[in-house]
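> My questions will all concern the structure given below.
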Amino acid sequence: MIRDLSKMYPQTRHPAPHQPAQPFKFTISESCDRIKEEFQFLQAQYHSLKLECEKLASEKTEMQRHYVMYYEMSYGLNIEMHKQAEIVKRLNAICAQVIPFLSQEHQQQVVQAVERAKQVTMAELNAIIGQQLQAQHLSHGHGLPVPLTPHPSGLQPPAIPPIGSSAGLLALSSALGGQSHLPIKDEKKHHDNDHQRDRDSIKSSSVSPSASFRGSEKHRNSTDYSSESKKQKTEEKEIAARYDSDGEKSDDNLVVDVSNEDPSSPRGSPAHSPRENGLDKTRLLKKDAPISPASVASSSSTPSSKSKELSLNEKSTTPVSKSNTPTPRTDAPTPGSNSTPGLRPVPGKPPGVDPLASSLRTPMAVPCPYPTPFGIVPHAGMNGELTSPGAAYAGLHNISPQMSAAAAAAAAAAAYGRSPVVGFDPHHHMRVPAIPPNLTGIPGGKPAYSFHVSADGQMQPVPFPPDALIGPGIPRHARQINTLNHGEVVCAVTISNPTRHVYTGGKGCVKVWDISHPGNKSPVSQLDCLNRDNYIRSCRLLPDGRTLIVGGEASTLSIWDLAAPTPRIKAELTSSAPACYALAISPDSKVCFSCCSDGNIAVWDLHNQTLVRQFQGHTDGASCIDISNDGTKLWTGGLDNTVRSWDLREGRQLQQHDFTSQIFSLGYCPTGEWLAVGMENSNVEVLHVTKPDKYQLHLHESCVLSLKFAHCGKWFVSTGKDNLLNAWRTPYGASIFQSKESSSVLSCDISVDDKYIVTGSGDKKATVYEVIY
């Protein structure tokens, strides 16, 4: 068969031509050739992709180089602005000290010259920047505080703006050291020399690493670049740390200001140098409008049967208080509407202003040789750290209220990668501290906020010592670490010893919080006290931490046994007064003192649970109380405008201090000698207990609702209806730090180790701060 087939199809037959329908002929050599061709194609494609990747890596490196350049430029400019801010503050302080020694005629001339120096127009600024650009062009970039990119602007990669777009900033930065607007030539020359030395140190620290970095970058891959970038950022952080040690805490120096009326427009808070006793210039033109009188209503679920409306001239049966103070004005509804307790109003009294002082107290338009519309502001810390007085220059510079606060905050966030939490108060011209009419301001600078009052009533601004804000036991700032959502207005707070639990008193109950675990958002227990609709006004722990005493809008005090498996009321003390505003415990834990709404001070024997004595003297409600460390002397403040001291051994009144305003809070310094008093007129007064001298402090904008000394006695805090928490140096009142909350701060307490502060506020929460030393 095979032979037949071979005959039919002989091998010598020529093959037919290939037809498209026939299958492709495969051979080993052809397959190898095809594989080789495909391999060469893939190899070429791989080579093309590799070139593309290398090009992208090169562009990435270029982008990173520009990022570092812009970061250096921003950082250097920020440092320069801080330095100039400090120079201006010192020069202002010198003016304030020198001008009063001049004759009245010369004072007017100098004041006018200073005011003219502050008025810098945009046209002048543009001319200055143009001159700097020309000088920069002629000098080929020498002398700039930060390096320029090594590439011409025309050859930059896409999406990179030409360097000319930032040349104005660079020129401005290089110009900062050479200009001053204050006519004191010798001082100016001295500060300029110091400033030049500082600039040289900055350039050697930040510019040189950048130059070496760029020179070697050509032969590095992106991994090497990343490690170098991290190293450089570490060096920049070290530079920042050195400036922080000099008192310019730019990262911590702004306060988060959340206004109830306009939450989108917070304002920079005042901060103060140890060398400068001054107020924020943004609060100097007009007093808050007087508040019309309104009734003070008792907390009640049945207003028709229990509400007691009192006019301003009647005795107050339930002034709003906290752990040791009442809340005095009518910003909030009565407790019956599930909000802040009723408040006692007093019309505002605008202080007198003399022409010389008023001309100097207007906000400085441009207090430094650079314009404010760049929108560069210092930034608060990631964890809500509070300000210390080194360099909060938003308040110092008085950036125009027309400037977009959001844009300014976004600029800070973009430069430093932090949340934009800082803005400006659009109504800053409405703010005025309660400065006495005879001392409305100090010529040449920010008005003083701390005054020494001599025995004959003479007031003088206080020159702060060099160690006012430094040294052992003096905080640098504080940061918010926890928020305790109580659910009702928190009128009373106290901290346990050791620091583990916080007790917050609201409407009808005290809630216990474990702050040793910051993640805990719920109270560990709730102690129902008084009636459900009556506010707790004060709660005090005995030193052993096993017993809590609670008082408020009721005639009874509740004594809680906290050592029981479940906290329980072990006794109740009943008085004849309808309300208790504040409590104090003797150091030996044997006696409790309660401030009654009828003005009496009740003395309770805690062991026998009986009333043993009443101190009578206040003609209106007793609002606040404190006891000396040795337990021999008691201090009380009242709505009758008096502060009284009592001898506990003899049971009699020792002293009486009369004021022109109601007393809402007080604290006795643990180390003795000084008594701090917070008043309705927004003042804090620090009295010497044996001498007639005292200090008067003016940073609060409304009534001072609570006050507490640190246990070391070196500082104290006060809170107010202006939403502020202020920390002061004992006794002269240098401002250590300031926090602004979102509502009236009704109460406060400090832990025994002075490491934590707790505040209670009208927005139904308590806030825990960690004190940073």
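Any Cβ shown, glycine's included, is placed from N, Cα and C.
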> Check each of the ranges 1-22, 507-528, 617-638, 639-660 against Swiss-Prot and return the one annotated as region 'Disordered'.
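Range annotated as region 'Disordered' by Swiss-Prot: 1-22.
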> Among T302, T325, can you tell me which residue Swiss-Prot lists with the annotation phosphothreonine?
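When Swiss-Prot is consulted, phosphothreonine appears for T325.
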> Among the residues S226, S321, S337, which does Swiss-Prot list with the feature phosphoserine?
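Going through S226, S321, S337 one by one, Swiss-Prot annotates S321 as phosphoserine.
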> With Swiss-Prot open, pick whichever of S292, S586 is annotated phosphoserine.
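Looking at Swiss-Prot, the phosphoserine feature maps to S292.
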> Give me the mean pLDDT over the repeat 'WD 2' (531-570), rounded to a whole number.
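Average per-residue pLDDT within the repeat 'WD 2' (531-570): 92.
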> Using DSSP, how many residues in the repeat 'WD 2' (531-570) fall into helix, strand and coil?
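Residue counts in helix, strand and coil order: 0 helix, 22 strand, 18 coil.
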> According to DSSP, how is the repeat 'WD 5' (658-697) divided among helix, strand and coil residues?
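Reading the DSSP string over the repeat 'WD 5' (658-697) gives 0 helix, 22 strand, 18 coil.
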